[in-house]
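Listed in TrEMBL:
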type	residues	note
TRANSMEM	13-36	transmembrane segment
TRANSMEM	71-91	transmembrane segment
TRANSMEM	111-134	transmembrane segment
REGION	146-231	region 'Disordered'
COMPBIAS	204-225	compositional bias 'Pro residues'
TRANSMEM	239-267	transmembrane segment
TRANSMEM	287-315	transmembrane segment
TRANSMEM	322-341	transmembrane segment
TRANSMEM	347-369	transmembrane segment
Amino acid sequence: MEPVSTGEARPQAVTRACLLAGTGSVLTLITVFGILSDWGSLEIQEQVDAALARSPVPGVGTDGILEIIRVILMVIAVFAVAGLVLSIYTARRDRSARVALMVLSAGWMPVALVFGVVGVLFALMAALTLALLWRPESRRWFKADSAAPDLAPPPTQEPASMSTPPPQLPPGHGGYPPFGSPPGSGPQGEHAPVPGPSTSGPAPYGPPYEPSPYGPPQYGQPPYGPVGWQVPESRPTGVTAAAVITVVGAGLAALIGGLISLAFLLARDSFEEGVAQELDGFSASEQSLVVSVVGWYFIGCTLLALVAIVLGVLLLRDRHRVRVPLVVMSAITALLGVPLFPFGLLWSAAAISVIILLFAGSAGAWFDLRNHRADQQRASY
């Protein structure tokens, strides 16, 4: 279900910006996973060796550089997923998503150049996205969304004044037919003319009113939506399930990641010995680099899990604005679970289920209704 708007059509600039951002994000993901699928090949090692020959890094060999590049590519993939989600919400007229997408586009432009010629194309797409979202018609469209439509019921028609003289009867008419006589018959058996539509004066009930998109239906209008369907006032079961899955899954991730992070920070030697057992053939400096990457990976996962717990709790408290950041966090979690195969796929599956539950059934209508009411309150100040 689309968010409530003032009825103004989406500007072409916004549509093009969202298409550019979404297409660029998908192409970035394809490029990153294309590189990772060929990871460790002789061609990539030769390219890294040639780069190290030109600009050597003290204490770091080819394997260490490859590990660093792999982590950087995974981070780029995470931001590409975030860009795809934000482009969808920007097209749905979400102002927070628009701001986040503009910030992401601005930061992506210099980073995209690491992909060479293809990166120049990515940087141009990000620059065009930023420019289109900043055009005057785009800013007006997002700003106009904060002005909620008036949901006040239409004014009731005042009854005709009793001082109005009754209509004059035509000559020969003996008066009104007696009570209980057949309709259309006069006192002398004459049929009274059937009154036609009035050609002067106001209509008895005024012009029909458009049904209100949200809130109670206007006077004389059927309830909102299709017959027999109502926007849920209480939180849907799917939204509650998404919040519970988020809190439980993020809680387990924070617990496991926190223990590993503490081992990395407080017992670095023991942690390095445990990781080094899986790194046969690596030099001591390369093993130390891999240990650092693994440790900081789990520190980052722990911090993200804590943020997800906060978002899940806020969702249980009916804070509707958390849907966008929670979808972004879930998309990032689904991606971060892949390197921890097979156990990480449990968190990836949970994250994907959260995204589905936040849109399935009546969840979209519930979020849109709350967004609309918040816009009404903000516009009334």
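From the backbone N, Cα and C atoms, a Cβ is placed for every residue, glycine too.
Whatever TrEMBL says is automated annotation, not expert-curated.
Beyond its flanks by at least six residues, the transmembrane segment (239-267) meets 291, 294-296, 298-299, 301-302, 305-306, 308-309, 311-313, 315-316, 326, 330, 333, 347, 350-351, 353-354, 357-358, 363, 366-367 of its own chain at Cβ-Cβ distances under 8 Å. Most Cβ pairs under 8 Å to the transmembrane segment (71-91), among the stretches 13-36, 111-134, 287-315, 322-341, 347-369, belong to 13-36. If you count C-beta pairs under 8 angstroms between the transmembrane segment (322-341) and each of 13-36, 287-315, 347-369, the highest count goes to 347-369.
Listed as Cβ neighbours of the transmembrane segment (13-36) (distance under 8 Å, sequence separation of 6 or more from its ends, same chain) are residues 44, 70, 73-74, 76-77, 80-81, 83-84, 86-88, 90-91, 101, 105, 112, 115, 118, 122, 125-126, 128-129, 132-133, 135, 137-138, 141.
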